[in-house]
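Asks: Questions regarding the structure given below will be posed in turn.
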Amino acid sequence: MADILWKMGAMLSSDHSSVVPINLFVALLCACIVIGHLLEEQRWMNESITALAVGLCTGVVILLTTGGKSSHLLVFSEDLFFIYLLPPIIFNAGFQVKKKQFFRNFMTIMLFGAVGTLISTAIISIGATHFFKKMNIGSLRIGDYLAIGAIFSATDSVCTLQVLNQDETPLLYSLVFGEGVVNDATSVVLFHAIQSIDLSHINSSIAAEFLGNFLYLFISSTILGVLTGLLSAYIIKKLYFGRHSTDREVALMILMAYLSYMLAELFYLSAILTVFFCGIVMSHYTWHNVTESSRITTKHAFATWSFVAEIFIFLYVGMDALDIEKWKVVSDSPGTSIMVSSILLGLVLVGRAAFVFPLSFLSNLTKKFPYEKIDIKQQVTIWWAGLMRGAVSMALAYNQFTRSGHTHLHGNAIMITSTITVVLFSTVVFGLMTKPLVRILLPSQKHTASMLSSESSSPKSFAVPLLSRQDSEDNQASHNVPRRTSLRMLLSTPSHTVHHYWRKFDNSFMRPVFGGRGFVPFVPCSPTDQSVHQWQ
């Protein structure tokens, strides 16, 4: 009996010891929110920088109290990040995106997000191979060098988006937001494609396999996200959960969104791309099929979930920057670690500039009107917006160079500490310089906003359709886009032409089946025409 009581006491003390760090971490999350609120009007400090600063201060306190043994309250896990923290952030990005602006600039966004990421990855990988082999930092393989390119091509444009106004600069905001999400998805797809093939002997067949694997992951992940979103819209439209309980339809939306992410992980696809397009489809169809109270609930639930996940990630990154175990491995060569970090920062700057300015020039060649083109000041802002590295880069670096958050290999330790340094420096320094830079480059956008009144007049709600029928007809009239269908029309104004055909297909086939604004029949406690017009 005494032995049983002793074991029970040990279990209770173990459970209590695990509860203490969780309590402290939750308290720190609350502190980050309060401090972020107090600094709201200043806007030099955003939530990301605030969480990093709080994490660094907490790490110092923990190091002092533990005698330099640890700086963590919780142990980092790739599963924690990729399964629990990243899905709400990416889904909310797709759910909140202004779809009309996103798809109107879809080709430019894909140029920056997909093609640009490939260019940046190639430049960073080639530069890392050239410099790091001469420095003899450790036994890095060719797969590691390619992974470095994908890791440091993943952007974090949160700081820039917080100082840009999507009503004053709709084009710029749409490009920065869309490119950031597509960039993250492309980086993760590239990273998994690199890990899935044998790179020991590179030849033409290996290159073709790599390209085919990349295209397969990109297309398959997008299709899975669209299908999951359509399935949720169809189920909610047919069954009308809101007649009996709004909780059911809210729960179904949340679970279907998470299911899309886990299905992509199950089939070894890009879960980021899947959940992003699932969010877009849900906001276009599913969200209009639920009751008005459910719309308000889901809107704030997704935003809150994403907000807390972002703070959680940056708070941990701040504490992890002081992890004594990683720095012990590289303590014998601090100069090498600083040099590696400096080289990576330089490659990030060069790799981003190598595609932003050339691709902006190509994009401007396809634009018909001056206000649709990206001027040099906007190009510099877009370039600056992608210089910050964040949570995705950290998670991919842990995935490639550590096991369970720890490493004792010299080369891997240098890459982890260098990634932490790049993330901290780019987020804090570049983030703090973002607001004054935007003020200098874009001092006043009132005149531009008046020119783009038709573009920026879309409401700040989630009721903006994928491509609004009335706005699209106005745009067609204002831009003199011919209604006749011809190859010349497609080549001269591809976005408006695709928009025209998509609107016809959506109204004729998709909305009658999957619902959406204006296509939900009246049922008690279901969305009505009045509630729809309220959000227009």
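The backbone N, Cα and C atoms fix where each Cβ goes, and this holds for glycine too.
Owing to the predicted nature of the structure, the values given are computational and were not obtained by experimental measurement.
According to TrEMBL, the record shows the following:
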type	residues	note
DOMAIN	28-439	domain 'Cation/H+ exchanger transmembrane'
TRANSMEM	20-39	transmembrane segment
TRANSMEM	51-68	transmembrane segment
TRANSMEM	80-97	transmembrane segment
TRANSMEM	109-133	transmembrane segment
TRANSMEM	214-236	transmembrane segment
TRANSMEM	257-282	transmembrane segment
TRANSMEM	302-322	transmembrane segment
TRANSMEM	343-362	transmembrane segment
TRANSMEM	382-401	transmembrane segment
TRANSMEM	413-433	transmembrane segment
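Mind mapping these onto the model and telling me what they sit next to?
Replies: Within the chain carrying the transmembrane segment (51-68), a Cβ under 8 angstroms from the stretch's Cβ atoms is held by residues 28, 31-32, 35, 45, 310-311, 313-322, 324, 424, 427-428, all 6 or more beyond its ends.
Below 8 angstroms of C-beta separation, residues 177-178, 181, 184-185, 257-258, 261-262, 265, 271-272, 275-280, 282-283, 287, 302-303, 305-306, 309-310, 312-313, 391-392, 394-395, 398, 462 of the same chain, each at least six residues beyond the ends of the transmembrane segment (80-97), sit close to that stretch.
For the transmembrane segment (214-236), the list of distant contacts is 114, 185-186, 189-190, 192-193, 249, 252-253, 256-257, 259-260, 263-264, 267, 269-282, 285-286, 289-290, 513-516: same-chain residues at least six beyond its ends, Cβ to Cβ under 8 Å.
For the transmembrane segment (257-282), the residues of the chain that approach it from at least six positions outside its boundaries are 82-83, 86-87, 90-97, 99, 102, 181, 184-185, 188-189, 192, 196, 217-218, 220-222, 224-226, 228-230, 232-233, 302, 466, judged by C-beta separation under 8 angstroms.
Counting same-chain residues at least six beyond the ends of the transmembrane segment (382-401), those with a Cβ under 8 angstroms from any Cβ of the stretch are 48, 76, 78, 81-82, 85-86, 89, 112, 144, 147, 150-152, 154-161, 172, 175-176, 179-180, 183-184, 187-188, 191, 195, 310, 313-314, 317, 320, 348-349, 352-353, 356-357, 360, 374, 407, 412-413, 415-416, 419-420, 422-423, 426-427, 430-431, 434, 437.
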Asks: Pairs of Cβ atoms less than 8 Å apart decide it: which stretch in 109-133, 302-322, 343-362, 413-433 has the most with the transmembrane segment (20-39)?
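Replies: Looking at each of 109-133, 302-322, 343-362, 413-433 in turn, the most contacts to the transmembrane segment (20-39) are made by 302-322.
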Asks: Which bits of the chain, at least 6 residues beyond where the transmembrane segment (109-133) starts or stops, bring a Cβ under 8 A of a Cβ in it?
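Replies: Sequence-distant neighbours of the transmembrane segment (109-133): 102, 140, 142, 145-146, 148-150, 152-153, 174-175, 178-183, 185-187, 190, 218, 340, 343-344, 346-348, 350-352, 354-356, 359, 362-363, 382.
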